[in-house]
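Chemist: Dumping what Swiss-Prot says about this protein:
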type: SIGNAL; residues: 1-19; note: signal peptide
type: CARBOHYD; residues: Asn81; note: N-linked glycosylation site
type: BINDING; residues: His87, His96; note: Cu cation A binding site
type: CARBOHYD; residues: Asn148; note: N-linked glycosylation site
type: CARBOHYD; residues: Asn193; note: N-linked glycosylation site
type: BINDING; residues: His203, His263, His286; note: Cu cation B binding site
type: CARBOHYD; residues: Asn226; note: N-linked glycosylation site
type: CARBOHYD; residues: Asn309; note: N-linked glycosylation site
Amino acid sequence: MGFYRNLVLVAASCTQALGLCPAPRCDSPDIRHEWGELSREDRLSYISAVQCMKDRPPELSVEEVPAVRSRYDDFTAVHINYTLQIHNSGIFLPWHRHFIWLWEKALREECGFTGTLPYWDWVMWPNLAASPLFDGTETSLSGDGEFNATEQPTELNPEPGLTITIPRGAGGGCVRTGPFKDWVINMGPFAFNESYEPALPDHAFDYNPRCLVRSLNDWVIQTYNNQTVVDTLLDSPDIVEFQNIMGGFPNPPIPIGPHAMGHRSLGPDMLDFFASPQDPAFWQHHGMVDRLWTVWQDADEPWRRFALNGSSTTWYKDDTPEVTLQTTVEFGILDEPRPLYELMSPTAGPYCYTYT
C-alpha cells in the first residue's frame, strides 16, 4: 500500500453497523492493564518490544520519507501523514483506536511481545515523577527531562475572553533516565498553527534527529485529567458532548480537554500535534483515551456503540464531509483502508480486547 499525503474518504457498502449484516463478537477478549498493575517482568517485556521497534528497519523508504530510520518511525510518519484529518474531527476516536491496536499487533508479530498494550490512568498518578510510568527507573517509560531554565509558562485562549496560564513543567530538556534515555526522535517539530493549514507543510518528513524532550507538569495533570473531569466525561449524554469534553473542541463544557492536556503534561515533544507518537508514552496515553471511550460506549450499548459526530477533517474545515459509519479511513503502509463501522467495538471486527 502506498504512502499518500491525502486521506481518501469513500463509502462502504455493508450496513453491518445498522444491524443488517452479522456483527460477530469475540468470546475471550485480551485484557489491557494499567501500567501500575503490571509486574516487573511485564513492564520489562513491553519496554523491550518498544526498543525492538526502534531497532528494526523501516518499511517506508528513505527516498519516500527521508526522516524514517526505524519501524517505530513508520508509525510516526503515518500519524503525521493523516494529522489533518484525525484530530478534533469525527475520525479521531476510531482512527486512534485502530492505530494503537496496529502498534500492539506489530509488537506481537514483529518483536515477540506476548502481553497487551498497557494504558496510563491519569487519575491514579497526580505526581508524575513519583509514578511507575515516569519515575525514571528501568521499569518506567523513562523520567523527566533535564532542567531547562529557559522554559516559560504558557498562556492559552481556549474561548473568547478566557485566558489560562499554564505554569512551566519541572524539566524541559533531554530525557536522561530510564530505558528510553538518550532516545532519538527524527521528525518535527511542528508549529501548532500548521494544523489549520489545508495541506501538510513541506518539511513534514524532513530528517531532524535530536533528543526526546520532556517537562513533567503535575499542575496540568491534576487540573485537567483528574477524577472530576473523567466523571464529567463519562456522564456525557451523547457523542457530541463526549467529544467536546475529551478534545476541548468545538464547544466544551470545560475549557481544555483531557486528551490534549495529557499530551501537554509531558512537555513539548508529546505535545507536538503531528509527531507526538515519538514519545513512547503516546501509546499509554491513547490507551486511556480509548479505554474511556470504551467505558462510555459500554454504558449504553444500543445508543452509543456506533455513535459518531463531526467532520472528516481536523478543526471541521469548511466543505469537508460529515463522517458516517461508511466513511473509510486509511493507515498508510500499516494496514488496509477500514470503514469506521469496523472500528467501533473493541470486541468485534478485527479486535478482541477489553480494559481493567
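Every residue, even glycine, has its Cβ placed from backbone N, Cα and C.
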Chemist: Quick one: of the recorded positions Asn81, His87, Asn148, His263, His286, which has its CA closest to the CA of Asn193 (N-linked glycosylation site)?
Modeler: His87
Chemist: Going by Cα-Cα distance, pick out whichever of the recorded positions Asn81, His87, His96 is nearest to His203 (Cu cation B binding site).
Modeler: Asn81
Chemist: Relative to the Cα of Asn309 (N-linked glycosylation site), which of the binding-site residues His96, His263, His286 has the closest Cα?
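Modeler: For Asn309 (N-linked glycosylation site), the spatially nearest of the binding-site residues is His96.
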Chemist: When DSSP states are folded down to helix, strand and coil, where does Asn193 (N-linked glycosylation site) land?
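Modeler: The three-state answer is helix.
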Chemist: Where His87 (Cu cation A binding site) and Asn81 (N-linked glycosylation site) are concerned, what is their Cα separation in Å, rounded?
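Modeler: Here the two Cα atoms are 12 Å apart.
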Chemist: Per residue, counting other C-beta atoms within 10 angstroms of the C-beta, which of the glycosylation sites Asn81, Asn148, Asn193, Asn226, Asn309 reaches the highest number?
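Modeler: Checking each of Asn81, Asn148, Asn193, Asn226, Asn309, the winner is Asn81.
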Chemist: Using C-alpha positions only, work out which of the recorded positions His96, Asn148, His263, His286 is nearest to Asn81 (N-linked glycosylation site).
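Modeler: Checking each of His96, Asn148, His263, His286 against Asn81 (N-linked glycosylation site), the shortest Cα distance is to His96.
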Chemist: Asn226 (N-linked glycosylation site) to His286 (Cu cation B binding site): how many Å between their Cα atoms?
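Modeler: If we compare the Cα positions of Asn226 (N-linked glycosylation site) and His286 (Cu cation B binding site), the gap is 16 Å.
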Chemist: Among Asn148, His263, His286, these being the recorded positions, pick the one whose CA is nearest to that of His96 (Cu cation A binding site).
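Modeler: Closest recorded candidate to His96 (Cu cation A binding site) by Cα: His286.
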Chemist: Rounded to a whole number, how many Å is the Cα of His286 (Cu cation B binding site) away from the Cα of Asn148 (N-linked glycosylation site)?
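Modeler: His286 (Cu cation B binding site) and Asn148 (N-linked glycosylation site) have their Cα atoms 27 Å apart.
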